[in-house]
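Straight from TrEMBL, the features:
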type     : residues                                                               : note
DOMAIN   : 3-285                                                                  : domain 'Carbohydrate kinase PfkB'
BINDING  : ASN10, ILE11, ASP12, GLY38, LYS39, GLY40, LEU41, ASN42, GLU136, ASP243 : substrate binding site
BINDING  : ASN179, THR211, LEU212, GLY213, LYS214, GLU215, GLY216, GLY242, ASP243 : ATP binding site
BINDING  : ASP237, THR239, SER273, LYS276, GLY278, SER282                         : K(+) binding site
ACT_SITE : ASP243                                                                 : active site, proton acceptor
Amino acid sequence: MKIINFGSINIDIFFAVDHIVRPGETISARSIEKRAGGKGLNQSIALAKNSDSVYHVGNIGIDGKFLAEYLENEKINTEFVRESKSLTGNALIQVDDKGENSIVLYKGANFGNDKDFVDRVFGHFNKNDILVLQNEINMMDYIIDKAYEKGLKIVLNPSPITEEVKKFDYDKIDMVVLNEHEAKAISGREGIDDNIRYFKETYPKLKLVITLGKEGSIYISEEETIRQKAKKVKAVDSTGAGDTFTGYFVANFYQGKKVKDCLELATSASALSVTKKGASVSIPSLSEVEEFMKESL
Ligand code: RIB
């Protein structure tokens, strides 16, 4: 089983600030750091901490070679990472004293997908494989259609939310991993119970994993509903915590681990990631996560 993550690759520029800048205000940052990021890249790193057959598919610009090398150093296959003449995607990230963030995205090369490329990619994979998607690239509908035609199982993390996300064909998707705000945006319903009801009634076969912040997370399928408590840690930077959760959960779930164990691993990994600065660089190894789980028993 191969895990193909067709997703964004960004240069993250982190500004450490006292508070997130308000309209009309100018503030100074305490530090500025440039790191590898993008929801796609971050999730590939988290997947690769748990699997040795992760393929990242995506686009970098003329300034992004170091990002492909970064993926390769994490033992991720980059055969389908293309270099284009545009600039690499960028994220301008403010992180405040409480570890909360605010992000401005420049899509850049991430929107360089075309039909020929998508067709070429799916010529190499088959129904034993898993496709992981976020919402920071173009041609999402076409990618979903092609992967479905080939029989791949599709996992979607519909982040960041856009109008297009609401129109995807969820009947073609096996699992959605999302937070409560994203669930509300897709369903148009208020309250977590109403949201769950919406997804169950509209897409009965869809597996759902909803993260609920301090309330933990919940997995819902036709067969079972399993809840997981959150882990308490001192937050330094929450950037990439959702990506860490998704990568850990998905890699372990499709390798056949019990849902309860996958939730516990994903929750612990994302809790650990918020204790460190940065997105991809804050994703812990599996042994760090297992150690943390023993300590937090
Ligand atoms: O989820 C965190 C990511 O969102 C950052 O790495 C940034 O690139 C944005 O895409």
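Backbone N, Cα and C atoms are what each Cβ position is placed from, and that goes for glycine too.
Note that TrEMBL annotation is computational and uncurated.
Taking the Cα atom of each, SER282 (K(+) binding site) and GLU136 (substrate binding site) are about 20 angstrom apart. Of the binding-site residues ASN10, ASN179, THR239, SER282, ASN10 has the largest number of other Cβ atoms within 10 Å of its own Cβ. In the predicted model, the domain 'Carbohydrate kinase PfkB' (3-285) has a mean pLDDT of 97.
Ligand 1 lies under 6 Å from the Cβ of the following binding-site residues, listed in sequence order from ASP243, SER273, GLY278: ASP243. When the binding-site residues LYS39, LEU41, GLU136, LEU212, LYS214 are screened for a C-alpha within 10 angstroms of the C-alpha of GLY278 (K(+) binding site), no residue qualifies. Other residues of the chain with a Cβ within 8 Å of the Cβ centroid of ASN10, ILE11, ASP12, GLY38, LYS39, GLY40, LEU41, ASN42, GLU136, ASP243, the substrate site, are GLY7, SER8, ILE9, ALA36, GLY37, GLY89, ALA91, ALA279, SER280.
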